[in-house]
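These features come from Swiss-Prot:
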type: BINDING; residues: E16, K57, D119, V120, G121, K122, S123, T124; note: ATP binding site
Amino acid sequence: MSEDHGKDYTLESDSELRFEIEQKDAKVLVSLVSGFAELFGTELVKKKQYEFGVGAKVAIFTYQGCVLHVSGKMDVCYISKETPMVQYVNCHAALEQFRMEAEEKDRYGPVAMVVGPMDVGKSTLCRILLNYAVRVGRRPLYADLDVGQGSIAISGSVATILIERPANVEEGFAKTAPLVYHFGHKSPSGNSVLYNAVVSKMAEVTLQSLNSNKRTKSSGIIINTCGWVKGSGYAHLLHAAKAYGACAIFVLDQERLYNELLRDVPKGVHVVLLPKSGGVVERSKELRHEARDQRIKEYFYGNTRAPFYPFSFEVKFQDLRLYKIGAPPLPDSCMPIGMKAEDNKTKVVAVTPTPALIHHVLALSFAESVEDDVIGTNVAGFCCVTEVDMERQAVMLLSPQPRPLPPNALLLWSELQFMDNHT
């Protein structure tokens, strides 16, 4: 561990400065002294100070060379010449070629999926490709299918946003008006049938939305995926590629997956094998759990730069319309005539409030009734059960919006839990 009160780092062309922060109260300040540099595709402004805190894993890259001033406590800090950024910018150039053709012929722009096992830098590559697209005047859509470590909405959901400007260096992309669908589990294995149904619905709605704006239509979609790439996880990748009509699949750091996709996807789909960055860090189960918790906490409370002040209010059991998607599995022989066991996986069932509901995150659906297409309806937001009072027949909810719940509010159960100990 080194404490750095201020040091200039001189980077040659095509190199990057990497550092990690693991200490809870540590703070690192970075500024660009001279030259040109970028963080995951976002250009750094000269002399502006950028602040990074605990959990930050940063790689600042320069094409032409630069000097960076860095101060603060870091667990690791070094300069590397071994970087895949040139291959990544070549991927952007290929996508840009597709976009120019799409613009000329008034067609859909490229739909590119980024796939690979856990901890290879999938979301980082998505961020780089999106930033480069925006910097040349495009307006792509970003679809995040990673229900375990999503970067748009909280875990347990899939989401899409329109990218109109480069990501903020410290905070990432603006999460304005996301299209969010509820899944309710931390992995597609929680309910494979439901996961495919939700991905298909979001793909359908997203592709339709491309027609409403010519610039977005030709800009296309960048898709982030889960790190589960074997067995059923691989089947989910194939399903997503088909649902979105992917024309390019970027495979990070796994030749086996690359060769399987070459074999199984239609011939017109470009499958490209890419190296992962040496700066990618493997995360333990505990770190993943902490990251999920942090995303939920930020949803309700914001961060130090932009704090939110959520509301707590009581809802009586009789006013709570709470449901879960997916009934307990039954053998085909026990199912009604014409139904299969997998139909149970997408069944909407009522949930009776019990003390077991405490700390669970609930999604507020735009559906007004269980007679509606609940699975195919996006969600307005989330709340969390902080208290269950069986005596008073009421629950206490933590919500970004004040009471009451909207009329006919339909809440959907999630296996995700959040301990609200914010002070």
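Using the three backbone atoms N, Cα and C, a Cβ is placed for every residue, glycine included.
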Next item on the list: Using Cβ-Cβ distances, find the residues under 8 Å from E16 (ATP binding site) that belong to the same chain and are at least 6 apart in sequence, listing them in sequence order.
Entry: A59, I60, F61, T62, I79, S80, T83, M85, G279
Item checked: Longest CA-CA distance among E16, K57, D119, V120, G121, K122, S123, T124, per record bound to ATP, angstrom -> 19
Notebook entry, point to check: Looking at Cβ-Cβ distances, which residues of the chain lie under 8 angstroms from G121 (ATP binding site) while being 6 or more apart from it?
Noted result: L252, K276, S277, V280
Next item on the list: Check the binding-site residues S123, T124 for other C-beta atoms within 10 angstroms of each C-beta and report the one with the most.
Entry: T124
